[in-house]
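Per TrEMBL, these features apply:
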- 1-26: signal peptide (SIGNAL)
- 28-327: domain 'Plant heme peroxidase family profile' (DOMAIN)
- 38-114: disulfide bond (DISULFID)
- 65: site 'Transition state stabilizer' (SITE)
- 69: active site, proton acceptor (ACT_SITE)
- 70, 73, 75, 77, 79, 88: Ca(2+) 1 binding site (BINDING)
- 71-76: disulfide bond (DISULFID)
- 120-323: disulfide bond (DISULFID)
- 162: substrate binding site (BINDING)
- 192: heme b binding site (BINDING)
- 193, 243, 251: Ca(2+) 2 binding site (BINDING)
- 199-230: disulfide bond (DISULFID)
């Protein structure tokens with residue numbers, strides 16, 4: 001989107017409101033943070049995500065993953081959006097992320113509406129929520145008030161980001177380091193109910209995984225299906241649904257696939273082999289009864305916890321004018 005939307009009167013008015021608001025608010029996020037300084041912020045972000053989603057539905061899982069990646073490295077400060085030769089977005093773990101243009105588009109519109117008020121970190125958190133809703137998931141109230149970081153290092157993704165070959169114990173450790181428990185772990189991995197993974201990410205499980213062939217944790221019939229989709233030594237960039245049979249809908253089908261040995265990522269399937277994580281998978285599949293858990297309900301709760309990891313508020317960080325600003329580091 002192009003054009004000059006600068007209006008000096010509006011700018012001064014909103015700037016004064018922002019300064020006044022920041023002087024009385026505490027150093028934490030809260031629902032409705034922009035209710036007085038930028039009342040239309042959430043609706044602008046929502047409509048932007050919706051318009052991009054209509055053109056390309058794959059931006060929904062893209063934005064959700066991006067928010068996850070952002071929060072696990074330096075906290076939820078939009079450092080994943082920063083450009084630079086050694087920025088987070090250049091790390092191998094970030095190579096398949098998408099949705100950057102959506103955030104830039106929303107930021108442009110917000111700068112027209114209320115310059116210098118809404119952070120890129122909050123745009124990303126709200127866009128992730130809106131993406132879930134667009135894929136038939138349940139909405140939740142997103143606390144806002146984050147500020148943007150100024151540093152982004154690709155090297156910091158190592159050791160912080162959960163990996164697709166991680167054991168459950170390693171996953172638990174990485175989540176615990178961010179203040180998230182095992183229930184949060186299983187719940188947030190459930191985001192894989194939408195989206196895809198490239199063949200090159202998981203095809204090692206299909207060929208020569210053991211001396212006798214494929215990863216034995218994969219349903220044998222499903223191995224043949226995946227081998228047909230990802231032939232050995234062929235195009236590794238082909239995208240395969242992480243939730244077979246329900247890749248575009250935010251539901252519990254992903255967990256049912258784990259139960260049936262149809263997890264695409266090794267780390268996903270391992271949730272069915274660990275006693276504690278398996279218990280939560282089973283509870284999400286328990287539609288009725290005292291042991292059942294609402295996946296959509298729990299997902300909103302865990303997303304709120306995750307979105308508050310190491311946030312910058314108050315006078316920390318900054319409010320970027322452009323979300324993809326050049327890395328200062």
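Cβ coordinates are placed from backbone N, Cα and C, and glycine is handled just like the others.
Annotation: no binding-site residues among 77, 79, 243 have CA atoms within 10 angstroms of the CA of residue 65 (site 'Transition state stabilizer'). Neighbour count (other Cβ atoms within 10 Å of the Cβ, all protein chains): 30 for residue 70 (Ca(2+) 1 binding site). For the domain 'Plant heme peroxidase family profile' (28-327), the predicted model reports an average pLDDT of 95. Among the recorded positions 69, 79, 88, 193, 251, the residue whose Cα lies closest in space to that of residue 323 (disulfide bond) is 79. Here the residue listed as 'active site, proton acceptor' is positioned 9 angstrom away from residue 162 (substrate binding site), judged by their C-alpha atoms.
Separation of the C-alpha atoms of residue 38 (disulfide bond) and residue 193 (Ca(2+) 2 binding site): 33 Å, rounded to the nearest whole number. Around residue 71 (disulfide bond), the C-beta neighbours below 8 angstroms that are at least 6 residues distant in the chain are 178, 306, 307, 309, 310. The recorded positions listed here are 65, 69, 192; among them, 192 has the most other Cβ atoms within 10 Å of its own Cβ. A gap of 26 Å separates the Cα atoms of residue 73 (Ca(2+) 1 binding site) and residue 243 (Ca(2+) 2 binding site). Around the Cβ of residue 120 (disulfide bond), the same chain contributes 78, 81, 103, 107, 148, 320, 323, each under 8 angstroms and 6 or more positions distant in sequence.
The recorded positions listed here (69, 75, 76, 77, 88, 192) include 192 as those with a Cα within 10 A of the Cα of residue 243 (Ca(2+) 2 binding site).
Sequence-distant contacts of residue 193 (Ca(2+) 2 binding site), defined by Cβ-Cβ distance under 8 angstroms and a gap of at least six in the same chain, are 242, 243, 246, 249, 250, 251, 252, 253, 254. The residues near the Ca(2+) 1 site, meaning same-chain residues not in 70, 73, 75, 77, 79, 88 whose C-beta sits within 8 angstroms of the mean position of the site's C-beta atoms, are 69, 71, 72, 74, 76, 78, 80, 149, 152, in sequence order.
Put simply, residue 77 (Ca(2+) 1 binding site) is 20 Å from residue 114 (disulfide bond) when counted between their Cα atoms. Between the residue listed as 'active site, proton acceptor' and residue 77 (Ca(2+) 1 binding site), the C-alpha separation comes to 11 Å.
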